[in-house]
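Residues or ranges marked as transmembrane segment by TrEMBL: 12-32. Residues or ranges marked as compositional bias 'Polar residues' by TrEMBL: 49-67. Residues or ranges marked as region 'Disordered' by TrEMBL: 49-90. Per TrEMBL, compositional bias 'Low complexity' is recorded for 68-90. Annotation comment: TrEMBL describes 88-325 as domain 'Peptidase S11 D-alanyl-D-alanine carboxypeptidase A N-terminal'. Look at TrEMBL and you will find Ser122 tagged as active site, acyl-ester intermediate. Here TrEMBL flags Lys125, Ser179 as active site.
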Amino acid sequence: MEEQRRLPPRLLGVILLAVSIIIGSITLWTYFGDQKADAGTIAASPNPVTATSTLQSPSGLPTTASNAPGTGNPGASASPAPDASPAVPEPELTARSTFLMSYRTGEALFARNADEPLPMASTAKIITALTAIRYARPEEVVTIAPEDVVDPVLESSMGLQAGDTVTVHDLLVGLLLPSGNDAARTLARYVGPRLPGDPAADPIDRFVTEMNSVAAGLGMTGAHFVHPAGDDGDGQVATAHGLALAARTLLDQPALLPIVAMPHATVRIGGPNARSLTFNNTNELLSQEGVYGVKTGTTPAAKQCLIFAYRNHGNDVIGVILGSDDRYADARALLAFLQSR
């Protein structure tokens with residue numbers, strides 16, 4: 001029997017090492033393959049873990065992220081998110097009627113009884129101005145007649161006297177700054193004969209008829225005028241909404257916008273008693289930053305009235321206040337409301 005050949009010890013060691021490496025590689029390959037399978041199962045789970053998923057507390061009771069240890073008061077429920085745009089409270093006003101309108105778009109920004117016809121006092125003079133400027137040029141010179149003059153003790157006046165000569169422009173200044181009833185009467189008497197209608201009719205009546213036509217053309221529903229100065233009279237009313245539309249048109253007039261924005265002005269009167277007259281604007285709100293007009297009015301029936309224009313971050317606003325006990329306090333409340341929007 002032939003004797004078996006034995007492997008050298010060094011060669012045997014090499015073979016054993018190679019076998020060990022192969023077995024180890026197979027084991028590692030199997031382990032990592034199982035890990036990939038588990039990962040794929042988690043990724044494909046229909047209920048992936050999120051910040052609000054139920055967690056398991058050490059006590060075995062379910063918790064959420066809001067009451068998990070270290071995240072807030074234990075057991076506290078999640079609070080609802082606060083309203084991103086809380087409602088702005090309405091301003092407290094004494095006025096019977098108010099209206100805020102975007103000058104650019106005509107959008108109503110705030111309204112209270114804005115379509116109720118009410119006495120409007122001398123705010124009617126913006127319609128007087130709009131009517132006059134349609135038919136008379138600013139540079140025309142007018143001679144004051146005795147019937148144009150008013151008693152300054154009883155009525156607001158720019159101080160006209162019979163025989164004075166004054167331009168239409170300066171009459172408009174006297175109409176809109178000191179709210180002169182004499183300026184209103186003069187403009188109506190001067191322009192009235194140029195208007196459609198019976199030439200024999202009273203020129204002021206013809207002018208008032210045209211004021212109503214102008215108001216209707218502006219969309220001033222419910223407005224009715226009986227006097228160019230805005231005196232309390234039978235049926236002389238307008239709405240806050242309608243006056244805002246009229247003010248918007250006035251602000252578009254190059255001859256009128258600079259006037260209503262003036263805090264004060266001086267005009268030259270000609271004639272036998274030539275002189276200069278200086279007026280302060282009756283609109284005290286002009287001292288408020290951003291305000292640039294428009295007209296005040298006060299009578300027993302109308303109470304305190306105000307139309308103003310305000311620069312509001314690139315979107316100018318027209319405000320109207322009728323029937324107020326304190327128009328400037330109401331105006332400031334409306335401006336604060338605008339700024340809080």
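Backbone N, Cα and C atoms are what each Cβ position is placed from, and that goes for glycine too.
In sequence order, Ser122, Lys125, Ser156, Thr282, Lys295, Thr296, Gly297 are the residues of the chain that are 6 or more apart from Ser179 (active site) and have a CB within less than 8 Å of its CB. Cβ neighbour count for the residue listed as 'active site, acyl-ester intermediate' (all protein chains, 10 Å cutoff from its Cβ): 25. Per-residue confidence over the domain 'Peptidase S11 D-alanyl-D-alanine carboxypeptidase A N-terminal' (88-325) averages out at a pLDDT of 97. Secondary structure at Ser179 (active site), as computed by DSSP, is coil.
The secondary structure of Lys125 (active site), as reduced to three states from DSSP, is helical.
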